Amino acid sequence: MAGSATSAIEVIGRGHPWLSLAPALCVIAVLFGGGLVLGLAGSFGMGRGGAGVDAWIAVLSEGRVWRSLGLSLWIAFASTALACLIGLGAALLLRRRFPGQGLARLLFQINLTIPHAVGALGILWLLSQSGFVSRLSAGAGLIDGPAGFPALTQDRFAIGIIAHYVWKEVPFIGLILLANMQSLGDDPESAARSLGASPFAAMRLVLLPLLMPALIRAGAIVFAFSFGAWEVPVLLGQSAPVALPVLAWQRFTDPDLATRPEAMAIAMLIALVAALLIRVAMVRR
Amino acid sequence: MTGLTLDRLSLRHPGAARPALEELSLEMAQGEMLALLGPSGCGKTTALRVVAGLIQPDSGDVRFDGASVLHLPPERREAVLVFQSGQLFAHMDVAANVGFGLRMQRRPRAEIAERVAEALDQVQLRDLGHRQPHELSGGQRQRVALARALVLKPGLLLLDEPLSSLDAHLRGEMRGLIRRLQRETGITTLVVTHDQEEAAVLGDRVALMLGGRIRQVGAGAVLWNRPADLDVARFFGGCNFIPGRSAGGRFDCALGQLALPPGAPEGEGCLTLRPEAIEPGEGPNAVTVQVLETRFEGLLTRITAEAGGLRLEALMRAGAARGAAPGRALRWRLPAEALWVLPGV
Amino acid sequence: MSARWRLVLGLMLVVASMAPLLPLGLWSVARGWYFPQILPATWTLEPWARALSPRSDIPEAFVTTTAIALAAAALSLVLGIPAGRALGLYRFRGKALVELALLAPVIVPGIAVGLGIHGVFLRLGLTNSALGVVLVHLVPTLPYVVFVMSGVFANYDAAAEAQARSLGARPLQVLWHVMLPAIAPGVAVAGLFAFLVSWSQYILTLTIGGGRVVTLPLLLYAQAGAGRNDQAGVLAVLSLAPGLVILALVARRITGRGVMIGGAG
């Protein structure tokens, strides 16, 4: 590795890897770093003539913020747990040959390319009280009218939101696990089987632990996204309490400019949760 | 201790042009160590996996002590396979790896600990139980994999290229260890290798596998000096093939009449002898050869010569090769005991 | 598990995956689809005709979205390929930190940085402009390209470049004749998916574009919110299209690593 790296330097670049990294890092530093710094500064009211912790105090002492935080955490936990579980099942299903496997794998990947906004609208039209499933139920004589169908969207338990994230992220988790299973190959499980493990024991004691690092990383990405996305809860969520990102946006677009520092503070809360996730799931090798 | 019978095993991998196993048959006695030798891609690892129960053959049978085991899943067969890469479980420490099979048998914890310590002792890794696999050297990893299998006291031990991932200087050591442990435990052991020397050293007998079938089984020296056919002879580096006819202990060919060892096949055939068996000088079976080329190969010198319109190759030590220069005529002796006839070739 | 069970479960998985797309497609060819009709009473291409008519703002949004996604993908490639090369080929002090810095934008939700970036762009005069939207889309697309390319370069043998030099090629020739052909498939995947990530953005577009830069996802929600389900259906189908095309192009090249970064965004 070291040898080839040296020779590569001599051929192209003739410099340190930092030179090649600099442009990308600068862009990320200005946009992402700058965004975070200005967001933080804004949450302390800087740039608006004065600095203080008023916005933070207001935000942290407001019941609505805590309820929104609770809702967003619930959405993220439930979505991540279900997506990981079903994604694992799907990967275990799709890794073995069966008729139509290739097509199933291809169709399985389609969700990955669908914009969240489109998927969320699809879930709304599928699961709402006048949606497709409700109409099927009415056709089957199970319900009399839209009101007879359970509220699955814009509901208290955020079922529609969670359904969307699970629908969208199961293929994400599943494909990552499939790729990992492919690179692990069958040998670890075969070795366990030869040493006397049943198929289930080989999966539970050997395959799953080997997949766990990838699953944790993928799960962290799903958690961060379902915690912090705006377009899904804004369409599928109820009006109060709203998910934390929706609340931040409401404060940001409030005609009363005085609420902007609060919007920034909520945005920083979201960033903080993401940072904790990175700390827990990504930084350890 | 389990005797193994492979009875006309055939297997074709899906989409493969040629079968991986073709009517493969093999017998192993209880307590025997047999080396399954073959070039890469000859199907020997596939055969090992069929015995372990990891692959089902298309036809044929695998019997342990005479009873078919084809219906048994790998975990219920008395065979344990040690993978080429060792396949230590990366998320378990050495002791947990070695104890894995016993844990599957739901043995009491104390017994597992005791037997794991014993097994690690056997492979001279007594104090490494708490190491993680990635903290081990290649040789240590291989020994842990060996201990992990031995601790189960299997009836049949299957070793897939146990030395191929090791550096040259570790190979001798590991070879000795495998040999010693097999003697001590008496476990029937089938070891797969592509290395002739390794096969000869490890196996009580060697089975040569080419193109999905066993071509010859016997002691290493037998395969080396008394090959069953041309392919076997070529595999072991045979390069001298002289067509002719064998009758009454003599071989008629372009070099004249050569004396054969007792028991050589009769009839039309091909005489073969190993290049290192040729000696310089006069004596029985001496022939005159014209040197074409000499090539220094380190310990030995390879001399290509021509006689009676045939090409002969000899490998000689520096002293014996002295005087062999292109264009010169020499007398070479082809010792009768080194000659062998491949019938019908 | 038997092959038949796998088939049944696989079928369920596929049906569940496709289900939300069904009403979207149906709405785009329906007129007056009222409860409890399971299928539209009247099938018509009229929503499409209306959506593509000159008075509609959908064609313009389509062009805007495509142009922004193309620009964001191209910029990400230009910036991301050298960075990916550095990460894939070299080991150096601080590499883990760089990877972390590039991973963070993937994890941290758009709204958390978007509001701050709005402040940055306000000072630079980039808000409410397509250029600003392109730049802000780099936050999710650039790390994606860098990670895909670092994976590509990790499997790339740089010794081939030294070999080419030794055979008499100049550095630019090496770049063109040796490196580019070797990484071209990876570049294609990275570029196409960067396009898709930008194509799908919502909140960053809204934050920086301020409603002046109208892309398809924004129009989708506007039409759905206004109850014009047929137009929303058309928009949804239009928004799906590039993803399906790209998937068909690269289905076999999707790797765990690429999915890892691109999937959630």
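Using N, Cα and C of the backbone, Cβ positions are placed for all residues, glycine too.
No curator has checked TrEMBL annotations; they are predicted automatically.
What TrEMBL records for this protein:
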DOMAIN    C:62-250  domain 'ABC transmembrane type-1'
TRANSMEM  C:7-30  transmembrane segment
TRANSMEM  C:61-84  transmembrane segment
TRANSMEM  C:96-117  transmembrane segment
TRANSMEM  C:129-153  transmembrane segment
TRANSMEM  C:174-196  transmembrane segment
TRANSMEM  C:202-221  transmembrane segment
TRANSMEM  C:233-251  transmembrane segment
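If you look at the transmembrane segment (C:61-84), the same-chain residues 6 or more away from its ends with a CB under 8 A from one of its CBs are 102, 130, 133-134, 137-138, 141-142, 144-153, 183, 187, 190-192, 194-196, 198-199, 205, 213-219, 238. Contact between the transmembrane segment (C:96-117) and the transmembrane segment (C:233-251) does not hold: fewer than three of their C-beta pairs are under 8 Å, each pair 6 or more apart in sequence. Comparison of C:7-30, C:174-196, C:202-221 by number of C-beta pairs under 8 angstroms to the transmembrane segment (C:233-251) places C:7-30 first. Using a Cβ-Cβ cut-off under 8 Å and counting only residues 6 or more beyond its ends in the same chain, the transmembrane segment (C:202-221) has close neighbours at 57-58, 60-62, 64-65, 68, 110-111, 114-115, 117-118, 121, 126-130, 132-133, 135-137, 139-140, 232, 235-236, 238-239.
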